[in-house]
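To start, the structure itself, in structure tokens.
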Amino acid sequence: MYHPQCELLMPLESLEMDVGQSHLAAAVAAAMPGELNFHLLHSLDAAAAAASSTAASASSQPTVDYFFGGADQQPPPPAAMQYDQLAAPHHHQTVAMLRDYYGGHYPPAAAAAAATEAYFRGGPRTAGSSSLVFGPADDESAFMVGPFESSPTPRSGGGRKRSRATAGFHGGGPANGVEKKEKQRRLRLTEKYNALMLLIPNRTKEDRATVISDAIEYIQELGRTVEELTLLVEKKRRRREMQGDVVDAATSSVVAGMDQAAESSEGEVMAAAAMGAVAPPPRQAPIRSTYIQRRSKETFVDVRIVEDDVNIKLTKRRRDGCLAAASRALDDLRLDLVHLSGGKIGDCHIYMFNTKIHSGSPVFASAVASRLIEVVDEY
């Protein structure tokens, strides 16, 4: 079988080692290059040792072509010549010859002895013959000085690695385990964000952080609206109670005065005094106070209500002329304009409205803010 190192011995093909010419083995070894594997030297030494102990015919004499597989070389008869493992003296002789040839560049004695003994105890041989077996031309061990070692065969699967995207954290598939639960959790969270986004009026942005911020402001606004409506209902109820108490007191005082007038004239004076004393003192109603802030992409509204006074701050970006639309919205809400001021800061137009609520008008802060944003954004 062909070996790349055999090319180094092509100039030595003409040399023949006849029976009884063991001195030629040393000459051939001295002429070999340093890159040659020492297994070939061992083969030549084995041929010389076998030639000194066995007589053979001229037709069966081993040559260099015999060891390296010449093109016209026929395999020898099985019984003509057999090569066995060298004895211990030949081992040491071959190692010493290699060490002298390399001139001190040979590996340390311990490593060389271990490598040599590993080969001499039974190197790779073909079945039924004693010729050396060289690896294929593409084997890495063919270009190394030392015992033959076959490189591991590559994996047939293509060597693809599993990534964490195709395999679970614990070896499971992507549809099982932690990744499946995480995917379901994210889907539920996205559905909740979408539902919350639909409940918020006048959203500024669509990202999750802004949605949460708008939701917090809207919840606080709803709480203030509930308090404001509660105060309005309580105030209206107290007004009705006060009107009912005055009517009842006046009726009872008139009946008592008529009874006493029949008896004496002094009873009329006492009835008049009793009529003035029957009217209960007015109760102090709770003060109505609330505020709301609403914003859209280009509009900001701040509404503050204290009793019947409504103070409105309107901020509009990148566009002027929205004052007429805001005035029409205040008229629709039945708010009387008391004072108006305005200005411009950068690209923002700011207006301040001081208004009053009509008596009996059910106006609250959230309705004012929503109406102003709706009208100004459409302008």
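Heads up, residue numbers simply count up from 1 along the chain you see.
Each Cβ is built from the backbone N, Cα and C atoms, and glycine gets one as well.
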For the annotation region 'Helix-loop-helix motif' in Swiss-Prot, which listed range does it cover: 7-42, 79-114, 187-222? 187-222
I need to check the long-range neighbours of the region 'Helix-loop-helix motif' (187-222): which residues 6 or more away from its ends have a CB within less than 8 Å of a CB in the stretch? 292-297, 366, 370, 373
For the domain 'bHLH' (173-222), residues assigned helix / strand / coil by DSSP: 37 helix, 0 strand, 13 coil
